[in-house]
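Here is what TrEMBL says about this protein:
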BINDING   A:Cys66, A:Cys69, A:Cys165, A:Cys199  [4Fe-4S] cluster 1 binding site
BINDING   A:His237, A:Cys240, A:Cys265, A:Cys271  [4Fe-4S] cluster 2 binding site
BINDING   A:Cys280, A:Cys299, A:Cys302  [3Fe-4S] cluster binding site
DOMAIN    A:66-212  domain 'NADH:ubiquinone oxidoreductase-like 20kDa subunit'
DOMAIN    A:232-311  domain 'Cytochrome-c3 hydrogenase C-terminal'
Amino acid sequence: MAARETPDKTLGESLRDIGLSRRGFLKFCAATASMMALPPSMAPAIAAALEQARRPSVIWLSFQECTGCTESLTRSHSPSVEELIFDFISLDYHHTLQAAAGEAAEAARLQAMEANRGEYLVIVDGSIPGPDANPGFSTVAGHSNYDILMETVEHAAAVIAVGTCAAFGGLPQAKPNPTGAMSVMDLVKDKPVINVSGCPPIPMVITGVLAHYLTFGRLPELDAYHRPMAFYGQSIHDRCYRRPFYDKGLFADSFDDEGAKLGWCLYRLGCKGPTTFNACATMRWNAGTSWPIESGHPCLGCSEPSFWDGGGFYEPVSVPIGTSTTTLLEAAAVGAVAGAGIATVARKGKKDAVKTRQPVTIEELEQKL
Amino acid sequence: MSGSDQIPVSIESSASCSGKPRDYGNARAVLGQIRHALERLIASGEETRIDLNAMPFGPGDLEHLTNCLGTGEVQASVEALGPTRIQETAIPGVWLVDYLNAENQRLTLHIEIANVPQILCPQPQDLALAIDRLDARLDGTPAPNTPPLSS
């Protein structure tokens, strides 16, 4: 996968080159509107924008993660991952998907950064051991995740944190957070950061955010947690097809009782739908086949901050919804301020070091957290 | 023997196995939206498209909606970027448009309230080139990728 400049051809020209008819393009736009959670009436505006769109260069960085987010992306069916790579973006660096390895891979990243300075997108999956943590917890080509992240985002147009680990710290940050894991927005303060949370995120949401950037040349409207409103604007509970049972007070009390068989509300079995914001209820999983609640399992709340430490998965949400949301927002605000302070102090000390980035040393590996 | 035969198994019939689609009541709201859209189509010719992929349907809701709308006389298929299947419902002016990719996976499913679904109409940019294309054929030099009707 050779690094290259953003192609000169627009998307409209590229699609016509492969023989796509105008009806095919209309269909492409209808599917794209659906993918971006926009109404079908937006299709003409999307068509006009896509006609002129140019594929952005994308650098995908993987840190403390399980590759579940990439696994999810490769199961995107509209567009497929191949269509995504060939039509929507120029994927210039991705550990798992790229053919290059070793020094050639790192050279591709640096080339893409240089050729598309100020215009490329950085996608991050996985959390990052903070600047004060032992850098040896996670390295790429011998360099700490923190150094690689800060070097790569310096001239990026925007950063997209894919998955709850990159967005909020996720599983690596769960108590007692042995690696000092931090999220992207804890560390990157001078670039737009979009959080596409979920463990993993819905594949169509990942591609939808990229399609939005490609179509409109700007980032989508975000919520208080930097998540795109189009996908995270409503709670699972409010979009759940089982919501009428909640309103009627009809609940499943165990996984095999009559209520469970009749498809009643799973609130008492620990469903975190009331405090979770995501698009599962409408976009579903596995090419639109189903989603956890349709399969009879409560929502775990995987797209929310600290969901691993939020109490038992099978314990009912025990606090009023309003209080919970407010508390979470306040907690996030405190966390963001603390994170900003840490990152600012860290940047001062690290700024010169990044310029002459050095591999992690034995002494650093031996230091205690 | 794995010992699994020691586990008692009982087979129960339940609502989900009765063969009748379950209805969570979410189709009714869409049917109301279709009714309003039909009123607008009749009064002013305004067309409406509803993305059913964006609806929080439960199992059986979509079947309830399509059963209620029924099947009309017209079926059509467009081959562009995979098949698109168009089905007229029993309600004149209400169409189901199913966008599929080349692997027959659904991209999105629309209800279209219009005289003719948009994807069946010639696209304006194509129409602008129609006379040139016909003239080329009259001159005996058919353009590439435009096979004669008999092929």
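Glycine residues also receive a Cβ, built from the backbone N, Cα and C atoms like all the rest.
Bear in mind that the values here come from a model prediction, so they are computed numbers and not experimental data.
Here the features listed in TrEMBL are painted onto the structure.
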residue	record	DSSP class
A:Cys66	[4Fe-4S] cluster 1 binding site	coil
A:Cys165	[4Fe-4S] cluster 1 binding site	helix
A:Cys199	[4Fe-4S] cluster 1 binding site	coil
A:His237	[4Fe-4S] cluster 2 binding site	helix
A:Cys265	[4Fe-4S] cluster 2 binding site	strand
A:Cys271	[4Fe-4S] cluster 2 binding site	coil
A:Cys280	[3Fe-4S] cluster binding site	helix
A:Cys299	[3Fe-4S] cluster binding site	coil
Against chain B, in sequence order - binding-site residues A:Cys199, A:Cys240, A:Cys265 with Cβ under 8 Å: A:Cys240
Reported mean pLDDT - the domain 'Cytochrome-c3 hydrogenase C-terminal' (A:232-311): 94
A:His237, A:Cys240, A:Cys265, A:Cys271 excluded, remaining Cβ within 8 Å of their centroid ([4Fe-4S] cluster 2): A:Ile236, A:Arg242, A:Arg243, A:Tyr246, A:Leu266, A:Tyr267, A:Gly273, A:Pro274, A:Ile293, A:Pro298, A:Cys299
Closest of A:Cys66, A:Cys69, A:Cys240 to A:Cys280 ([3Fe-4S] cluster binding site), Cα positions, binding-site residues only: A:Cys240
Cβ-Cβ neighbours of A:Cys265 ([4Fe-4S] cluster 2 binding site) (radius 10 Å): 24
Nearest-integer angstrom distance between the alpha carbons (Cα) of A:Cys265 ([4Fe-4S] cluster 2 binding site) and A:Cys299 ([3Fe-4S] cluster binding site): 11
Spatial neighbours of A:Cys199 ([4Fe-4S] cluster 1 binding site) among the binding-site residues A:His237, A:Cys240, A:Cys299, A:Cys302 [C-alpha, 10 Å]: A:Cys302
Additional residues around [4Fe-4S] cluster 1, ordered along the sequence, whose Cβ is within 8 Å of the centroid of A:Cys66, A:Cys69, A:Cys165, A:Cys199: A:Glu65, A:Thr67, A:Gly68, A:Asp125, A:Gly126, A:Gly163, A:Thr164, A:Ala166, A:Gly170, A:Leu171, A:Pro200
Distant-in-sequence Cβ neighbours of A:Cys165 ([4Fe-4S] cluster 1 binding site), under 8 Å, six or more positions away: A:Phe63, A:Gln64, A:Glu65, A:Asp125, A:Gly126, A:Ser127, A:Leu171, A:Pro172, A:Gln173, A:Ala181, A:Ser183, A:Cys199
Residues satisfying Cβ distance under 8 Å from A:Cys302 ([3Fe-4S] cluster binding site), sequence separation of at least 6: A:Thr164, A:Ser197, A:Gly198, A:Cys199, A:Thr276, A:Asn278
The one of A:Cys66, A:Cys199, A:Cys240, A:Cys280, A:Cys299 whose CB sees the fewest other CB atoms within 10 Å, among these binding-site residues: A:Cys66
Number of Cβ atoms other than its own within 10 Å, given for A:Cys69 ([4Fe-4S] cluster 1 binding site): 28
Position of peak Cβ density within 10 Å, selected from the binding-site residues A:His237, A:Cys271: A:Cys271
C-alpha spacing of A:Cys271 ([4Fe-4S] cluster 2 binding site) relative to A:Cys299 ([3Fe-4S] cluster binding site), in angstrom: 5
Alpha-carbon spacing, A:Cys240 ([4Fe-4S] cluster 2 binding site) to A:Cys69 ([4Fe-4S] cluster 1 binding site), which is rounded to whole Å: 24
Between A:Cys271 ([4Fe-4S] cluster 2 binding site) and A:Cys66 ([4Fe-4S] cluster 1 binding site): CA-CA distance (Å): 24
